[in-house]
Amino acid sequence: MMYDDIANNKLNPYPGKLFNEPDGEDLYKGLKIDYKKSSVTPQNFLNILKGNATGVRGGNGRVIESNPNDRIFVYFTDHGAVGMISFPEDMITVKQLNNALNWMYRNDRYNQLVFYLESCESGSMFEDVLKSSISVYAVTAANAHESSWGTYCTNDMHLPCLGDLFSINWMKNSDKEHINDETLEDQYDKVKRVTNLSHVMHFGDLDIAKEPVGWFQGMGNPRRKYVAKEPHRADSWPSRDVELSYLYQLKHTTNDVTVIKKLNQRIREIQKDRHRIKSLFFKLVNKLITDPNDRQRMVQQHKSVEDIDCHDEVIRMFDLLCIDLNKYDYALKYVYVLNNLCIELGNTEEIVNAMWKTC
């Protein structure tokens with residue numbers, strides 16, 4: 001499942017090709033995509049996991065037809081926020097994801113499941129929520145409170161960030177090591193060490209980490225020799241700043257006055273949107289909280305998701321009434337404020353009513 005809007009994008013200087021490292025191989029060649037474009041939805045993703053072929057819409061209809069003896073590996077990458085991960089036109093909340101995993105366990109859909117998640121605040125999808133008793137082991141690119149990072153953001157191919165730091169590191173590790181012998185715990189320790197701009201975390205059934213990586217990512221070829229490549233500069237940017245940082249980079253590498261004018265216009269638009277987004281969250285807090293110290297706490301503290309029902313409903317209503325969280329991904333930076341309000345007030349209706357008056 002992938003949206004598939006890069007390889008054949010008119011802005012791609014390498015038409016029909018896709019790369020995740022400088023001068024790397026074309027990853028698009030021969031790629032088979034089961035679900036793309038409008039079929040990349042939360043509903044399809046969850047139904048694929050559950051093996052519910054009648055529930056999927058679009059795509060080729062494939063689902064995971066698993067049984068109690070199977071091991072499943074899931075890798076997901078997109079934007080995210082506290083207690084949610086993004087899809088092109090929608091989202092999955094911590095409530096939805098963990099409900100799906102719990103359902104799979106109760107219905108004997110796997111023996112062990114490993115979930116690698118790349119997104120900002122990805123740790124919040126599992127922290128204090130994922131049960132250690134359901135045979136799921138989750139590894140995240142960041143903890144519950146911080147950004148994940150794009151990497152290879154400065155490259156000779158004149159492309160924006162080619163990959164994500166955590167993802168590039170675990171994929172490189174899987175390519176380099178003998179994954180028939182290397183354990184998930186070994187991979188976690190190595191990837192955590194080299195992913196130096198965020199805190200790689202793991203959750204759930206940590207006993208699964210003693211199993212070989214190859215049991216989940218595919219048994220490696222013991223005869224294959226890893227060919228080390230020349231090291232490339234790996235400048236990294238916070239994921240939510242990639243577009244803005246790329247625009248500044250383009251601005252400093254051109255002398256074309258017309259191009260610079262267009263870049264400056266887009267930069268001003270982004271900065272204006274960011275100011276508007278931040279102000280809206282603060283206005284919502286002020287509408288609901290009267291004490292100045294409590295207001296300050298609402299916009300400063302970062303907590304795990306405690307009330308998954310309030311969190312789920314409040315985020316969806318904010319997306320509906322206030323800001324399209326998929327169109328303006330900078331707004332994801334402040335979703336933690338909504339989580340704080342749920343924890344502080346414990347009243348979904350009160351928070352939503354304030355949105356009607358504020359947005």
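Residue numbering: from 1, along the chain as shown.
Even glycines carry a Cβ here, placed using N, Cα and C.
What TrEMBL says about this protein:
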{"type": "ACT_SITE", "residues": "H79", "note": "active site"}
{"type": "ACT_SITE", "residues": "C120", "note": "active site, nucleophile"}
{"type": "DOMAIN", "residues": "266-359", "note": "domain 'Legumain prodomain'"}
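All protein chains included, C120 (active site, nucleophile) registers 28 other Cβ atoms within 10 Å of its own Cβ. Note: the domain 'Legumain prodomain' (266-359) comprises 74 helix, 0 strand, 20 coil (DSSP; helix = H, G, I, strand = E, B).
Predicted-model confidence for the domain 'Legumain prodomain' (266-359) is 97, expressed as mean pLDDT. Other Cβ atoms within 10 Å of the Cβ of H79 (active site) number 20 in total over all chains.
A distance of 6 Å separates the Cα atom of H79 (active site) from that of C120 (active site, nucleophile).
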